[in-house]
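Feature annotations, courtesy of Swiss-Prot:
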BINDING   Asp24, Gly153, Gly219, Gly240, Ser241  D-ribose 5-phosphate binding site
ACT_SITE  Lys81  active site, schiff-base intermediate with D-ribose 5-phosphate
BINDING   Arg165  D-glyceraldehyde 3-phosphate binding site
Amino acid sequence: MKKLGTDLLKRGFAKMVKHGVVMDVTNVEQAQIAEDAGAAAVMALERVPADIRVQGGVARMSDPEMILEIKDAVSIPVMAKARIGHFVEAQLLESIGVDMVDESEVLTPADEVNHIDKRAFTAPFVCGARNLGEALRRIDEGAAMIRTKGEAGTGNVVEAVKHMRAVNEGIARVVGYKEMGLEAELIQMARNELKVPMELISEVAELKRLPVVNFAAGGIATPADAALMMQMGCDGVFVGSGIFKSGNPATRAKAIVEATYNFDKPAVIGEVSKNLGEAMVGINIDEIPEEKLLAKRGI
């Protein structure tokens, strides 16, 4: 019962930022711009994904002092990234009071086989997923929020779209099997394909969605990108490099918040999309060498 209560509390926090925008920030000034723009939360990190991609090297957890400075400067929740499998980085982030830990493929993985046992923490976690199997495996480990992986730092939404479609298609299969009474197929799917407990599959079949909130991330650069992902069924969006690598960060941040909230109102999205200045320079996915793709990290 204690574990269930903890899961409910963690998922409850994640629901608090539903329909909102989480913005990557690297300093206090950016965090304040994000808060003023209406961000639901900020992600504190030393380098945005676009810079990590260009500069290379090993990307690690950010300096705790920088994270604390941002926490002191804003009243909205502050998240921070830990490397995949690096449970000590997660322990440090929990100890300084971050509101949510992102076990992130943007950073260099510390463990190529295992993810963090998120049930061992009181802090909630968000994790990336490319398909239903990855999403449910992270939830089984204790994740309170899922996001598409997309391809961070590219300003190109195509991979986020691909990942959201894959999750939606997986859910549709589960629901279809359940409605047709194909219990044997569901059991086989859980055991051999998705590699998760049947209880999670049953929960997906009943809810007809993931049992936790599911945000878009990776390549969101414009208000239209944000609205696209929301119309595909996302519960909110993460924006990494797309704001502070653009020509007018404050205006673009506000516009993306408005578009996320009014995702089904094209006239509003069109209005807020005017005069935003230059968007970040994007990268075509097929121009990225296979070994440089971030979304492959963690399975």
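Cβ coordinates are placed from backbone N, Cα and C, and glycine is handled just like the others.
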> What is the separation, in Å, between the Cα atoms of Gly219 (D-ribose 5-phosphate binding site) and Lys81 (active site, schiff-base intermediate with D-ribose 5-phosphate)?
Replying inline: 17
>> Using CB atoms and a 10 A radius, I'd like the single residue among the recorded positions Lys81, Arg165 with the highest neighbour count.
In response: Lys81
> Where the record says Asp24, Gly153, Gly219, Gly240, Ser241 bind D-ribose 5-phosphate, what is the longest distance in Å from one Cα to another among those residues?
Replying inline: 12
> Near the Cβ of Asp24 (D-ribose 5-phosphate binding site), how many other Cβ atoms are there if near means within 10 Å?
Replying inline: 28
